[in-house]
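S.K.: Dumping the structure here so I can ask a few things about it.
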Amino acid sequence: MTEPTLNLSYLNKTPDQPGAAPTTPQPAPATPAKPRTKKTRTPPLDWAATHGPVSGAISATTGAAATALLGAATHMPPGWPLAVGAAGALGHGIGASIRRRLTGRTIGIRAASWLLAGSWTSWAVATGPLSWAAAGSLAALGVGIGAAASHAATHEEAVEEERLSAEARAAAAELDNKRTAIAREWDERIKRATGIAVRTFAVELWDNGCGYSIAAELPGGSATWTRIQAASRALAADARLPRGCTIHVEEGDVQGRVVLDIGTVNIMGRTELYPTGYEPLSILTGIPWGLLPNGDTVKVFLREACALILGPPGSGKSTFIDAIIAGFARCTDVLTFVVDFKGGAIGLPWVRPYLEALGLLQPVDGTTPAPKGTRPGVDWLASTPEEAVRMFRALIAINEARQQQYQDLMLRHDTTLLPVSADLPQIEVVIDEGAELLSANSFGDPAMKEAQALVKKIMRTTRAMGIRLVLTAVDGNVSAIGSTEVRKFSPVGAALTSGETSGNNLNKLFPRAKVDTSQLNEKGAGAIGQAGADGFPPTPFKGWKTSPRMVREAVLATSARRPTLDKVSADAAGEDYAQRWSPERAGWMWGASTNGTVHAGPAAAAPSTRPTSTSSNRPGLNLSYMRKQDAQDADALAAKLMEEIDKQFGTTTEPDRTTTAPGLNLSYKRNQQPAQPPAPPAKDDKEEIDPRRAFVRQLIQSAGPTGVETDDIWSALTAKYADGWDRTVVTTWLSKDIRLGLIHRPHKGRYVHGPKPLDEQPTVTDHPAPAPAAALPDGIDEDLLAQATELVVSTQFASQSMLQRKLRVGYLAAGQLMDLLEARGVIGPVGKDGTREVLRKPEN
Ligand SMILES: Nc1ncnc2c1ncn2[C@@H]1O[C@H](COP(=O)(O)OP(=O)(O)OP(=O)(O)O)[C@@H](O)[C@H]1O
């Protein structure tokens with residue numbers, strides 16, 4: 001069979017980024033042995049040291065001359081050089097040449113050189129080297145040796161070439177035999193499985209030795225490549241491929257041809273570490289996200305595309321996100337913003353080296369210290385809906401400013417797309433469980449509602465101005481990803497398929513994809529595709545394994561070349577952007593190190609606009625509110641928290657703080673006398689409380705210790721606000737007020753002002769009977785509540801983010817679960833340090 005001529009360039013649609021493939025660290029070159037410096041007086045006796053023909057001849061003749069001179073002067077016995085020449089002819093000329101697989105001719109010439117040089121030297125020592133006869137014969141000897149050596153070298157080259165091409169011919173013939181066998185085998189197999197008689201005309205063996213691709217001609221008539229694609233599972237079974245190996249079928253370079261990628265070794269089961277080179281990349285030339293079965297990297301093109309990543313719990317989604325952020329960090333023209341409502345978990349490792357460089361966190365033993373000036377691996381990290389809203393508003397402002405102020409630039413480049421560069425970076429926003437964020441019921445939470453609206457707006461409007469999103473979701477149902485809009489704007493899709501128990505996430509991303517995901521069940525394995533001109537059809541891939549240490553390495557390796565936000569954008573984003581690392585907004589990231597130390601605030605890079613109350617002279621430092629042992633600061637903390645509450649939820653009747661013990665203590669509300677109408681919202685409050693909410697609070701407060709039945713609240717609202725009110729929204733307000741300790745629910749359907757007194761809290765035996773499932777908020781059932789109870793009781797720890805993570809529920813659902821747990825007496829109200837006590841103890 002001839003060499004394959006088909007252009008299999010389809011395989012290169014996602015070609016290797018230079019250096020993107022895993023680079024095996026090269027072993028450090030061994031320190032060269034120090035040359036011996038000991039001087040020797042022995043004459044040079046190696047006339048055939050490694051030289052070319054000319055230098056060898058010169059070296060041999062000058063060596064012989066020198067030896068003869070020295071030999072004559074020192075009365076060397078004349079037989080010695082001859083003996084050395086004979087030994088050299090045997091040892092070096094013959095032995096070494098045979099070892100180096102040189103030809104007989106070269107061996108003869110080398111041996112003769114030794115013997116001639118040895119003989120001449122012996123003769124010259126005996127007769128005296130300083131004569132015309134000696135000089136002339138030595139010159140003739142040199143020219144002779146040179147010519148012979150040159151001839152031998154030419155001959156050697158020709159022989160070597162001949163030998164190599166014979167070997168290559170043999171290898172090619174063997175390869176051809178192998179290819180021919182493969183071609184025949186697959187022609188027969190395809191006929192067996194589909195009835196189509198194809199003719200395989202090219203076979204390409206993959207460089208990684210894990211499979212091959214074949215290209216075949218269809219017979220015409222009704223035979224189409226899709227019929228072969230439909231039979232890919234049957235073909236894999238017929239070929240007895242190992243589990244985890246799939247056959248990927250595509251149309252060939254012209255219609256009527258088909259290409260099959262056939263994996264024969266399960267690379268999905270391997271652990272492939274993220275390549276450690278961290279070479280620079282660009283958003284314009286594609287970013288590698290993992291490995292194809294043939295070992296090539298799979299690259300995605302995100303300049304204009306959003307991406308949607310689906311991954312069930314445990315499938316390797318967090319690991320994959322690290323690889324995605326690593327790709328962005330390597331780009332010299334990308335800034336990454338991260339949103340993660342699970343305590344910012346996916347972004348924290350990317351920020352840590354920056355915080356260490358500022359002295360805000362201590363490096364962990366054994367890790368490379370982050371040098372001063374290390375920049376954060378992600379440029380903004382939001383862990384709450386409020387911070388996310390700031391980020392999203394900033395992005396909208398950046399979009400508008402870029403549109404207005406870069407008109408000339410775009411005209412110069414003759415493009416309607418912002419010419420992204422290191423000076424004008426693309427902003428990639430990675431939102432963990434972002435798809436769920438869009439579908440979460442906001443329950444009247446203004447921040448959540450705004451966040452949802454803004455994400456959709458960003459997705460729709462910011463493509464040209466270099467802002468794109470990467471959203472993740474646990475599954476791809478419309479209920480989970482909010483709307484089909486998300487999929488419409490996300491031509492890049494990746495479905496991690498390990499752990500898929502129901503449904504097929506890939507088909508939710510690419511409805512017509514024909515990848516056998518049942519074989520892709522290793523962690524980090526799945527299918528990936530990109531629709532559109534830049535794209536490639538859905539294909540199996542394996543994600544790289546990342547680790548916190550690798551993340552750290554990536555941050556340090558890329559810190560110096562990471563871009564900064566262009567001035568136009570930074571100005572447009574204003575304080576929301578400028579203060580993103582301020583203690584007030586980012587202090588949670590370094591609140592206390594692992595050893596419990598509270599550190600000083602951030603350096604000038606993260607200035608605070610607020611006046612500081614400490615004596616610190618570092619600009620912008622104000623972490624005093626964190627020093628809980630300091631009563632004054634605790635008061636400040638209490639005041640700050642109340643201010644936040646007021647800002648977010650409106651002003652309520654305030655306790656007399658002057659009578660409160662130092663420190664935050666919301667229990668003062670227990671002793672409060674009812675019937676005081678709530679104070680009107682302070683004039684300077686930016687966000688005024690919804691009058692309906694104020695009315696409900698007042699209603700509950702005025703009812704005193706007996707509280708109000710829910711039905712009475714509904715009737716009162718209907719009587720007062722005939723123009724409308726929403727029961728779900730009011731229920732959410734009530735739940736929030738419970739969490740804030742402003743009201744409590746002694747039993748289902750009744751609300752009482754103030755937090756639940758401890759002595760009234762139900763015991764394990766007297767907690768209220770579970771409410772019927774129908775009474776629970778949407779998305780929460782008794783089963784989930786029981787799981788939450790068990791989790792909290794067994795760990796004796798209650799936090800919204802823990803529930804969110806462990807039970808895999810959304811941010812809001814976790815908050816509702818906390819409320820329900822409180823209502824059922826499993827946990828107490830929010831304590832003064834922001835935590836909740838677990839009231840129910842484990843059974844044994
Ligand atoms: N590409 C990969 N190669 C090998 N192992 C991997 C890969 N990706 C993930 N894993 C392993 O799979 C396990 C789960 O990974 P990871 O935590 O990223 O999953 P997840 O989907 O985010 O899970 P969860 O939702 O529970 O946080 C980890 O032990 C991780 O080391």
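Cβ coordinates come from backbone N, Cα and C, glycine included.
Unlike curated records, TrEMBL annotations are generated automatically.
The feature ATP binding site is assigned by TrEMBL to Gly311, Pro312, Pro313, Gly314, Ser315, Gly316, Lys317, Ser318. The compositional bias 'Polar residues' annotation in TrEMBL covers 1-12. Taken from TrEMBL, the feature compositional bias 'Low complexity' applies to 14-23, 602-619. Taken from TrEMBL, the feature domain 'FtsK' covers 295-505. TrEMBL lists 1-51, 599-620, 647-687 with the feature region 'Disordered'.
Help me see these features in their spatial surroundings.
M.R.: In sequence order, Lys317, Phe320, Thr472, Val474, Ala495, Leu496, Asn505, Gly526 constitute the residues six or more apart from Gly311 (ATP binding site) in its chain with CB-CB distances below 8 Å.
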S.K.: Which secondary structure state does DSSP assign to Gly314 (ATP binding site), in the simple three-class scheme?
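M.R.: Going by the DSSP assignment, Gly314 (ATP binding site) belongs to neither helix nor strand, so it counts as coil.
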S.K.: Near Ser318 (ATP binding site), how many other Cβ atoms are within 10 Å of its Cβ?
M.R.: 16
S.K.: Taking the Cβ of Pro312 (ATP binding site) as centre, how many other Cβ atoms lie within 10 Å?
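M.R.: Excluding its own Cβ, the number within 10 Å is 21.
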S.K.: Highest Cβ count within 10 Å among the binding-site residues Pro313, Gly314, Gly316: which residue is it?
M.R.: Gly316
